[in-house]
Structure formats: C-alpha cells, structure tokens
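Can you read through this structure? Questions will come right after.
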Amino acid sequence: MKPIQNNDHLLSNKEISGSKSIVLDVLRIAAAITVLIHHAIIQWGFAGYLDKDWGHTAVVVFFVLSGYVIAYTTFKNRRSWKQYAQARLSKLYSVLIPCLIITSLVQLYVYYNSSNLFEGYSRGDSFIRYILSALYLNEIWFFSAAPPINGPLWSLSFEFWYYCLCGVCMYARSTKFFYLLLAGICLLAGPKILLMLPVWMMGYFAYRMPEPGISYRLRWVTGILLMLMPVFLMEILPAMPFTLGKKPLYFTNQFFTDYIIGFTLSAGIWLLPNVEAKKVMQHSLNAVMRRLANLTFPLYLLHAPLFILYRSIFGTDEGNWVAMLAAIMVVLISSLAIGFFINKTHIYWKKYFALILQKIIPENRLKTSGVPYL
C-alpha cells in the first residue's frame, strides 16, 4: 500500500442523516447502557447469571461505530491532517482528563473511607497507571495498566492508536515517511492492540464501500437483521481463541469471535440506506438522539468509579436487585449530568490543540496530502 497523491475522486458524498442517524445513535446508546448494566451486575454479586461478557461485546460495537464515524467526518468534511489530529485529540482529552481526575478523587475517597472495598482495586503503584492512561500507553504490548477502579479505560488506549494508524494511512504522501510512521506506530502499540484493529477497520470500510445495488426496503430489513445478529452470535459462539481477561492478551483474547461479531454488525450498518429527515418531528428526534449519544462517551468512562463510590457511601447489599437498580439510576443520572458539563469544554480543547499543533509542527514542515485518500 502506497500513499496516493491525487485523491479528490475518492472523497465520499455519503450522508448519515434521518432514520439511519437515529438507528446508529440508538445503537451507541444501547451499547453504553449494556456496559453500565453489565458492570452493575458484577459489582452487586450477580455475576453468576452472566455466561457471556456482554460489556466486551458492547465495546466491539463501539469500535465498529468509531471506525464508521471517523471515516464519515474525515471524508465528508475534507479535513486536513491538522484538523483530523485536532478533532481526535480534543475529543479524547476533553473527556479523558476530567474522568481521570474524577477517578483519582474517587480512589482517594475509597482509600480513606472503605479500606476493605479498596483492597479489591489496589494493584501496585496507582500514580504510574494514571500517567500511562493519560498517554494512552496503558494497553501497549502486553500491559494492562489502567487504574483498576476504572477498568473501561482500556479501550481508550486502543482507540488512540487506531486514530494514529488511520491518520498516517489517510494523510502521509511521502512513501518513506508513510512506512516509517506506520512501522513505528505498530511497534509501539504492540500485538494486543493490533489484533483488534480489523474490528475498527470493518466500521471504517462500512462507510467507504460503495452502496449496495439492492432495493431500499431490502436494505433496511437485511441491515437491521444483521445489526441484531451479534446478540444471537454472542450467545452461541464460544470465546475464540481464548477466554477474556487472561494473560498476555487480556481484552483481546477472543479476537476471532470479535471479528465475526464486528463483521456482522458492520455489514448491517453498510446496508442501511440514507434517508433525509423531512418532518419537523424527525428533525427534533434526530437532535435529541444525537445529544444523548454524545453523552455515551463520558458515561462509559465515568460509570465504573461512580459505582465504586456509591458502594463506598451506601454499601453494596450484594444479591439485592432493588439496591442494584437504585445504584444504576443514581450512577446513570450522575454520569449524564457530569458528561453534559464535560462536553461543554470540548470547544476549548479544540482551540488548545489547534494552537499546540501549529507550534509543534508548522503546516509546511510535514509531508502530507491535503485530503484523506484511504
């Protein structure tokens, strides 16, 4: 694979609007709620009822959606490499930094007020775990070094390196520069992260592939059925090739199962036709669903430490469904409220990274194409 110089003809005119936009937002919200409930079930002593890791499957959904949305926003907006880097860094850090601060405060509170509870989340030096997580190094090679009090941070490290690889493939125009960067990123990220890259790329190519030449109705029916198929596949497929959580691959152990689920989901998304929102009510529904979907990122990164904080303050009462449901509601509302204010800071992070990128690497110093090509 070599960089392409003249690539305007490869830019896409596909839209994500109307009913398709609503379906994708609902999928994103459902994945976030699935992770929330999955972790609540584990923390309230109902893990015996779980024969599958639904939380992990929800992360596979996030990876596919991430690849799809990155392709859409980059090609549709004709972003330059700086705009791409600015968008990705501001999106990640605007949520990651506040969440790391909140996680550390929760850890301190639990440490001083619930020593027995804290023992279950104490593994070595906490400070270095926060530093590694802030630099997206917590999952490179065979590390699994996110703060134990906020396990979901693992997937953010994967996302970061996928953004880096995708950015190099889309923008580098010097062949030598392209291969050097690609090799360097792969060597730094390591095999664990690279094993899940195909899942992310499935979402990316679900957007880039030409639309299928079949009827509108058949596309909708087949697309929705394929998007629901992972629920069935999750129940019947074993963890392949290994069971999740074991060394050295940890969250990547069942990568082959994840490939099957990711492919089915991305095929369903690819089939969905684009429909413009023609009614005021549909425009309003689109807006509401998009606002809710935008809160799923902070919800995903905040719910784990907030569950532990809730247990520290009110106790766990293991085996009590009512207590667990109460905790879910409190943590859900708290995460959404905090996420609302976190999202308000995004514009300032964008300005900050625009300034940083311009100072570190002026436009004429980097050999990149003006528009993406992959």
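Backbone N, Cα and C define each Cβ position, glycine as well.
Annotations per TrEMBL:
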- 21-42: transmembrane segment (TRANSMEM)
- 24-338: domain 'Acyltransferase 3' (DOMAIN)
- 54-71: transmembrane segment (TRANSMEM)
- 92-112: transmembrane segment (TRANSMEM)
- 127-146: transmembrane segment (TRANSMEM)
- 153-173: transmembrane segment (TRANSMEM)
- 179-206: transmembrane segment (TRANSMEM)
- 218-237: transmembrane segment (TRANSMEM)
- 249-272: transmembrane segment (TRANSMEM)
- 292-310: transmembrane segment (TRANSMEM)
- 322-342: transmembrane segment (TRANSMEM)
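Locate each feature and note its surroundings.
Beyond the ends of the transmembrane segment (21-42), by six or more residues, the same chain brings 49-50, 53-55, 57-59, 61-62, 65, 68, 152, 224, 227, 269, 272, 277, 285-286, 289-290, 292-293, 296, 299-300, 303-304, 307, 324, 327-328, 331-332 to within a C-beta distance below 8 angstroms of the stretch.
Counting residues 6+ beyond its ends, the transmembrane segment (92-112) has Cβ neighbours under 8 Å at 118, 121, 126, 130, 133-134, 136, 147, 149-150, 153, 156, 159-160, 163, 297-298, 301-302, 305-306, 308-309, 312, 338-339, 342-343, 345-346, 349, 353 in the same chain.
Long-range contacts of the transmembrane segment (179-206) within the same chain, counting only residues at least 6 positions beyond its ends with a Cβ under 8 Å from a Cβ of the stretch, are 60, 63-71, 139-142, 157-159, 161-162, 164-166, 168-169, 172, 248-252, 255, 258-259, 262-263, 265-267, 269-270.
Within its own chain, the transmembrane segment (218-237) has Cβ neighbours under 8 Å at 23, 27, 52, 54, 57, 60-61, 212, 257, 260-261, 264-265, 267-273, counting only residues six or more beyond its boundaries.
Outside the transmembrane segment (249-272), and at least 6 residues removed from its termini, the chain residues within Cβ reach (under 8 Å) are 20, 23-24, 56-57, 59-61, 63-65, 67-68, 139, 142, 144, 154-155, 192-193, 195-196, 198-199, 202-203, 205-207, 209, 212, 219-220, 222-230, 233-234, 237-243.
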Could you tell me the mean pLDDT the prediction assigns to the domain 'Acyltransferase 3' (24-338)?
91
Apart from its near flanks, which chain residues at least 6 from the ends of the transmembrane segment (292-310) lie with a Cβ under 8 angstroms of it?
24-25, 28-29, 31-32, 35-36, 39-40, 43, 62, 91, 95-96, 98-99, 102-103, 106-107, 109-110, 117, 121, 149-153, 156, 327, 330-332, 334-336, 338-340, 342-343
